[in-house]
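Visitor: Sharing a structure below in structure tokens format, with a few things to ask.
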Amino acid sequence: MVQVKNKVCLIVHDGWGIAATPGLEGNAIEAATTPNMDTLAKQYSSRELSAHGTAVGLSEGLMGNSEVGHLNIGAGRIVWQDIVRIDVSIKKKEFHKNPTILQSLNHAKDGNGRLHLLGLISDGGVHSHINHLYALLETAKAEGVRETYVHFFGDGRDTAPRSAAGYCQDVVGFMEKEGYGELATVVGRYYAMDRDKRWERVGVAVDGLVRGVGEELGGKGVGEVIKGNYEKDVTDEFLKPIIVNGDKGRIKDGDTLFLFNYRSDRMREISTILGSLDPSLSIPVPQNLHITTMSQYNPTFPFPTAFPPQSMSNVLAETLSSQSIHQSHIAETEKYAHVTFFFNGGVERAFPNEHRYLIPSPKTPTYDQEPRMSVGLVASKVAELIHESESEFIMCNFAPPDMVGHTGVFDAAVDAVSGTDEAVGVVWGACREKGYVLVVTADHGNAEQMRDLETGEAFTAHTTNRVPFIVAGGEGEGVRLREDGEGEEGALCDVAPTVLDLLGLVQPEEMTGRSLLVHE
């Protein structure tokens, strides 16, 4: 085994950005009590990193997200995201010729003529994009699919909480202009896109899609029904199924389904149910469904994929493993996939000498009710592993700023940030005792902007703000971090090369990020 120069612990805050303009209303990070982060930033070497747009492989100006952030942090290179790949294919007219998409449409055309398009519909760009739905509708029309039904998953987290009515209007307007397609169902992502094995939630969505269990229009327009929910304080995320076109648009035996979200983590459960992949689940679905997905939701799923994953070699976890270095990855349930699958470059399995620890997230309807989530337990586990000193590299995710930021409840977000800072203190104390270098960063912004700066309403989406990057402790006491030169921009892809530099290991050529350490 290679001898490392320093042992390193990496904390990835989820949703902890640095506001471009300090002192504005709605900044939960400024309002919180954060003595540990404040001390680390002042006493040790710190700077900011870009975590959005082209710096992390997204479209220009697009906010970052947890999946993208952890991919870039772990890969040590800019990882061009599925949204960019899909956008480029549409621009180059390649999307309409994609063989997997055409295979799905031809199956519908040659079968019973019924195609269903399911996914999150907004321009948030985190899980999906409305333009991709439009491209699918255009392609299905051109290919002569007889009936196409759109099942609208409401957002309200990565977009304004009451924007679904407008997006519905946009989709219906597009279909009317094309003279093609029908809106069949509206349901919030809380039900359709769970990722914490709350199968009863997903069952609510599936019952609407399949059996028509939900709110009927009753002679009203779909936008009017959605706005009626707003009056009851039911926002986009929490919309229970709204059945728009009766039995006609329900998913039936032999139908063809195309799931157009490109982000995988929140589509795995509904795909598992619709694909009848888990016999233990007692949620009835039609037989002989032909399912295609925009991206690969799980390597074990049997569904054709329009945009298969890019191959990435020598990500940080693999580089350490190849040198027999022990590493530990820790997170609570909500972010476990991010410290494993995403951090490892889309690899589901653990590398040799990689140890994974899952801390259960609290079972609560929304995290504003338990804003500190399980961050204290995550920190305690990290401290325990540091004291054992068996892993040369330890990384963890602190989830509350992001998960509570998404609720839009400011006071809860303040408590979430304060609790997260306390967790930093626990880990930092262990690092000092055992001589680990502590590295702190974040995957994207969120909790630093909880109010829409124009309307004053709750703001629940991610931001395009930069994130902190701090190196402290061990031989990091005298470390200096370089500033950006002309044409340079420190970004999340620089984290892994910096970690390797601290460990005293050679950066593989596949990593195009740079170490931010200054070597005198």
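Cβ coordinates come from backbone N, Cα and C, glycine included.
Because the structure is a prediction, the values reported are computed rather than measured.
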Visitor: Do you know which of ARG189, ARG201 TrEMBL groups with HIS127, ARG157, ASP158, ARG195, ARG263, SER264, ASP265, ARG266, LYS335 in the substrate site?
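Guide: For the substrate site that includes HIS127, ARG157, ASP158, ARG195, ARG263, SER264, ASP265, ARG266, LYS335, TrEMBL also lists ARG189.
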Visitor: If TrEMBL gives SER66, ASP443, HIS444 as binding Mn(2+) 2, which of ASP14, ASP123, ASP494, ASP501 does it give for that site as well?
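Guide: Matched candidate out of ASP14, ASP123, ASP494, ASP501, per TrEMBL for Mn(2+) 2 with SER66, ASP443, HIS444: ASP14.
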Visitor: Looking at Mn(2+) 1 binding as recorded in TrEMBL, which candidate out of HIS355, HIS387, HIS462 goes with ASP402, HIS406?
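Guide: Only hit among HIS355, HIS387, HIS462 in TrEMBL's Mn(2+) 1 site, alongside ASP402, HIS406: HIS462.
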Visitor: May I have the list of same-chain residues other than ASP14, SER66, ASP443, HIS444 whose Cβ is within 8 Å of the Cβ centroid of the recorded Mn(2+) 2 site, in sequence order?
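Guide: My list of surrounding residues reads VAL12, HIS13, GLY15, ALA51, GLY64, ASN65, GLY69, HIS70, HIS338, ASP402, ALA442, ASN446, HIS462.
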Visitor: Between C-alpha atoms, which of these binding-site residues comes nearest to SER66 (active site, phosphoserine intermediate): HIS127, SER264, HIS444?
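Guide: Result for SER66 (active site, phosphoserine intermediate): the nearest of the binding-site residues is HIS444.
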Visitor: Give the residue from the binding-site residues ASP14, ASP158 that has the most other Cβ atoms within 10 Å of its Cβ, counting over every protein chain displayed.
Guide: ASP14
Visitor: Tell me, by DSSP, whether ARG266 (substrate binding site) is helix, strand or coil?
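Guide: ARG266 (substrate binding site) sits in coil per DSSP, no helix or strand.
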Visitor: Across the domain 'Metalloenzyme' (7-505), what does the mean pLDDT come to, as a whole number?
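Guide: Across the residues of the domain 'Metalloenzyme' (7-505) the model's pLDDT averages 96 on the 0 to 100 scale.
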Visitor: I need the most crowded of these binding-site residues: HIS127, ARG266. Count other C-beta atoms within 10 angstroms of each C-beta and give me the top one.
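Guide: That would be HIS127, with the highest Cβ count within 10 Å.
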Visitor: Max CA to CA distance in Å over the substrate-binding set HIS127, ARG157, ASP158, ARG189, ARG195, ARG263, SER264, ASP265, ARG266, LYS335?
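Guide: The substrate-binding residues span at most 17 Å between Cα atoms.
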